[in-house]
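Straight from TrEMBL, the features:
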TRANSMEM  B:26-50  transmembrane segment
TRANSMEM  B:100-119  transmembrane segment
TRANSMEM  B:131-151  transmembrane segment
TRANSMEM  B:171-189  transmembrane segment
TRANSMEM  B:201-221  transmembrane segment
TRANSMEM  B:253-279  transmembrane segment
TRANSMEM  B:291-310  transmembrane segment
TRANSMEM  B:330-347  transmembrane segment
Amino acid sequence: MQETTTINNNFKSEEYFINMGPQHPATHGVLRLLLTIDGEIIKKVEPDLGYIHRSIEKMCERDSYQQIVHLTDRMDYLSSHINNEAVCLTVENALQLEIPERVQVIRTIIGELTRIASHCLWWGVMGMDVGALTTYFYGFRDREMINDIFEETCGARLTMNYNVPGGLMWDIHENFVKRVKDFVAHFKTKIPEYDRLLTGNVIFQKRTKGVGILTKEDAISFGVSGPVGRGSGFSCDVRKYHPYSALDKVTFNEALRTEGDTFARYSVRIQEMWESLSIIEQLIDNIPEGEFRVKTNAVIKLPKGEFYQKVETARGELGVYVISTGTKNPYRLKFRSPGFSNLSALSHMATGGKIGDLVATMATLDLVIPDIDR
Amino acid sequence: MRIPLSITDNIQEWLVSMMSESAASYVAMIIVALIYLGIFAIAGLFLVLIERRVAAWFQLRIGPNRVGFQGLLQTMADALKLVSKELTGTDRADKFLYNLAPYFVIISALMALGVMPFTKEFQAFDINIGIFFLIAISSIGVIGILLGGWASNNKFALIGAMRSGVQTISYELSVGLSLLTMILLTGSLQLSEIVEVQKGGWLIVQGHIPAIIAFMIYMIAGTAETNRAPFDMVEAESELGAGFHTEYSGMKFAYFFLAEFINMFLIAAIAATVFFGAWLSPFGITESIPWLGVFWFLAKTLVLVFLMMWFRWTFPRLRVDQLLTLEWKYLLPINLVNIVIMAFIVWQKLIIQI
């Protein structure tokens, strides 16, 4: 008996610590996860940030308001248009500019197209993370069409920089309406294809249902927003509660699921693509005539005070908080990025699951690291 | 015991006129080994190309079609690149085991290739326990994977290696038992006899319902045993980076890579032999022109290979615990019941004979 005890004492059980990232296929960028695992089971997840910090908020204090718009492209690069819009809306509200209806409608249409493009990419990557590599190419095929539309209208495909305080950089291209309509018709046949390829798959459902559960209470206390929050039954769509641009002129349903698992977040995003298509359809036929830009001063000076504007990006609620002292630069500018709060819930969701669950859960958070780490 | 070695015999007979009998048998063995090495390399490279073209087809792409006619030389070029690359390794790796691991994988694949009945005469050695030999040899490959993952002293590689051990041990049972179901029909483990029996109809037809169930189980378990998606836990690039071969580069990596494709070919070839009559053709064409059997054998095998590629490019990956649940809670019990049904069918002579 004594011998057995001594032998057992000689075997120390250690925690298996593993660095997932900053160079890892599943972290979609330079996110580093410090994992403590016991076999396949995850004991602890600690996200570590700072690998792509570019001090964007500090740079904003140096730049004029027109220049700040450029910087926001580089945050959440998959919803660059919506980021631009957030800053422009803040400035326009502070200056109390009257924005033409034409601008509002175009902004909303492009915003929804951006959302679809972002979700297409997410869908492809989601499939890839759970091991179905083919989805990636299907998602990119449809995203490509949207990028082509953007390229024609504003000259850029990713970092669009189409908004300026007071309106748009240029008017839309003459082909815009036709191509958007073509895309809507095309994409309506493709979402069912997505469902056939991935949603209905038994393995996919087994991998995602009941995995990475986030209850509504936890979702609220973690400050989660966007599709992640709505997958947990937390109704938090900024477009619904604080409509901006032309979003008060359209009717759409907020995609909401109550399960709070990975599959619920997946379904919310698929549903959101349908809703975005419906918003585009409502607006595309009657884009009002008018100016595409209001004349502003060459040097924009915001009145003294604090201004806040929030918008719904593809990942959730993006807030722009400006403190102005009446000069041409903001005294302080703070972005409330959706990804950061969403990532904070990862540890809570993934602990106790398997490594495969962590990857699937992380995929449905739809992390864009430059957005988290500004 | 004299092991019937069809090609070796033929070559030996031809060599006897030139040298002594013992020397002739050694030379014959070397020649046959070289022939199989050639088959191995060509089949491996060709399968990589097929995989890439099939993947491209599934993924709305074109795939490699520039090097040589329709990209036929693409994988040759890739192989040349890998040969010319520097072999890097980790400092803390167990050098001996680290270098040994790829050979386990490749030798087990190569040995299994030897018993494959490409056609009536084209079979390196036709031992009387052919199926048993195949199952035994194919499980040696996992030692290489385990060694590679363990010896390279990388945490991701170790997780991959442990997964592979768990997976192969589990799915070996299903591969073995589903083949055993078919052995009940043939009454022999020798591959040439299994083919002979199928002159009265493919075994999947002869054994009808239980044979089809056995075939489905075999394909699932076979895909799992080659560590291909949806069972690619071992590599699982979104979870483990590259899994057990994370630290391998150059030709050592290529060994693992080629062995994976040869293993896929072997799984398909065993299925073609046991379920679909190997080199037998309709209307007895291969009876009059035996060498045509190679084409029939390859055609059947490639159809099954395509099926496995189809799995890979369509399905998401299972999770580790689901992988084990599938095997131990579903495939294994179904398999055991299936054997009993097959035994009943053989006993009651309910076999369909054409």
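Cβ atoms are placed via backbone N, Cα and C, with glycine included.
Residues 40-41, 43-45, 47-48, 51, 79, 82-83, 102-103, 105-106, 108-110, 112-113, 116-120, 131, 134, 138, 141, 144-145, 148, 179, 182, 191, 194-195, 198, 202-204, 211, 214-215, 218-219, 222-223, 225-228, 244-245, 286, 293-294, 296-297, 300-302, 304-305, 307-308 of the same chain, all 6+ positions outside the transmembrane segment (B:253-279), place their C-beta atoms under 8 angstroms from a C-beta of that stretch. By number of Cβ pairs under 8 Å, the transmembrane segment (B:100-119) is matched best by B:131-151 from the list B:131-151, B:171-189, B:291-310. Between the transmembrane segment (B:171-189) and the transmembrane segment (B:131-151), the number of CB pairs under 8 angstroms, six or more residues apart, is three or more, so the stretches are in contact. Beyond its flanks by at least six residues, the transmembrane segment (B:26-50) meets 5, 7-8, 11-12, 15, 19, 64, 71-72, 74-76, 78-79, 109-110, 113-114, 124, 257-259, 261-262, 264-265, 302, 305-306, 309 of its own chain at Cβ-Cβ distances under 8 Å. Counting only same-chain residues 6+ beyond the ends of the transmembrane segment (B:131-151), those with a CB under 8 A from a CB of the stretch are 93-94, 96-98, 100-109, 111-112, 115, 157-162, 164-165, 168-169, 172, 175-176, 179, 183, 189, 191, 194, 225, 227, 234, 243-245, 248, 256, 259, 263, 266, 270, 274.
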